[in-house]
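> The structure under discussion is supplied below as structure tokens; questions concerning it will follow.
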Ligand code: AP5
Ligand code: MG
Ligand code: ZN
């Protein structure tokens, strides 16, 4: 299964990606996570990406695409993958399509996680991420009273780009640059919308039901 998750910041792409990828036994490839790992590691890629991420802007396409090409070439991605946060504009989508075509492959399905702006702001304001295992939590919805990960005990942190002002800009960038992907993939006839409101497990169930008809 070759799957893409699309949706605004805070829609729950990362949250759902961890469950969907494990249900389907495919790797979850999140460009945001890979950039953040490079930022913490202090690599050249991380230094470059950070200037864009801190403003809530997209990292330039050439950089992002090269990074995804490398990741998709790894062994564990040969029998399928779930992309979270890529592609992020139509240019990236076209290059992904051509890249897969060169390898004799194509996407099976694009899931759009649908949720309104107010909910997105609530979700991002309370988001915490585990510095050790990467799991995503929410202070209110997961009733987090301490700053420790329930799964591994690691310390939780708040993302630099979750400040209210940056969140607002990320939403604008989504509307301008990423939302056009919805009609792009509808045109390719591989888009399915999933209601991403309600409890996490219910959203996962809806997503798995949407995926089922596409499983080989
Ligand atoms: P990225 O990391 O991809 O951020 P994003 O798209 O803004 O999405 P988020 O990670 O903020 O939201 P999410 O949908 O994953 O929500 P989550 O599951 O965490 O990108 C960051 C930056 O990297 C970009 O701004 C850009 O600079 C750069 N970048 C990345 N990819 C790029 C690309 N392809 N090209 C160029 N630049 C790129 O959930 C949010 C919160 O809600 C959590 O606290 C969670 O616990 C909670 N929650 C989730 N689901 C529910 C639910 N059902 N009910 C209640 N709470 C919920
Ligand atoms: Mg995410
Ligand atoms: Zn953890």
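Positions of Cβ are set from backbone N, Cα and C atoms, glycine also.
TrEMBL lists these features:
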type: BINDING; residues: 10, 11, 12, 13, 14, 15, 127, 198; note: ATP binding site
type: REGION; residues: 30-59; note: region 'NMP'
type: BINDING; residues: 31, 36, 57, 58, 59, 85, 86, 87, 88, 92, 159, 170; note: AMP binding site
type: DOMAIN; residues: 127-161; note: domain 'Adenylate kinase active site lid'
type: BINDING; residues: 130, 133, 149, 152; note: Zn(2+) binding site
> According to DSSP, which of helix, strand or coil covers residue 130 (Zn(2+) binding site)?
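SS state of residue 130 (Zn(2+) binding site) = strand.
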> If you count other CB atoms within 10 A of each CB, which of 13, 88, 127, 159 wins among these binding-site residues?
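Of the binding-site residues 13, 88, 127, 159, the highest Cβ count within 10 Å belongs to 13.
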> Take the C-alpha atoms of residue 59 (AMP binding site) and residue 10 (ATP binding site) and report the distance between them in angstrom, rounded.
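Here the two Cα atoms lie 18 Å apart.
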> Compare the C-alpha of residue 133 (Zn(2+) binding site) with the C-alpha of each of the binding-site residues 13, 14, 57, and give the closest one.
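Answer for the nearest of the binding-site residues: 14.
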> If the criterion is a C-beta within less than 6 angstroms of any ligand 1 atom, which of the binding-site residues 13, 14, 152 pass it? List them in sequence order.
13, 14
> Mind running the binding-site residues 10, 11, 14, 57, 127, 130 against ligand 2 and keeping the ones whose CB falls under 6 Å of it?
14
> Determine the Cβ neighbour count for residue 149 (Zn(2+) binding site): the number of other Cβ atoms within 10 Å of its Cβ.
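That number is 21.
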> For the Zn(2+) site (130, 133, 149, 152), what does the 8 A shell look like? I mean other same-chain residues with CB within 8 A of the CB centroid.
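Along the chain, the qualifying residues are 131, 132, 134, 135, 150, 151, 153, 154, 156.
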> Find, for the listed binding-site residues 130, 152, the residue with the lowest Cβ contact count at a 10 Å cut-off, counting only other Cβ atoms.
152
> According to DSSP, does residue 31 (AMP binding site) fall in a helix, a strand, or coil?
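It is helical.
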> Would you kindly give the Cα-Cα distance separating residue 149 (Zn(2+) binding site) and residue 88 (AMP binding site), rounded to the nearest Å?
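A Cα-Cα distance of 29 Å.
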> If you draw a 10 Å sphere around the Cβ of residue 10 (ATP binding site), how many other Cβ atoms fall inside it, taking every protein chain shown into account?
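For residue 10 (ATP binding site), the count of other Cβ atoms within 10 Å is 26.
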> Since the record lists 11, 59, 133 as binding-site residues, which of them has the fewest other Cβ atoms within 10 Å of its Cβ?
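133, out of the binding-site residues 11, 59, 133, has the fewest neighbouring Cβ atoms within 10 Å.
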> Got a sec? Which of 15, 88, 149, the binding-site residues, have CB under 6 Å of any ligand 3 atom?
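Only 149 meet the Cβ criterion.
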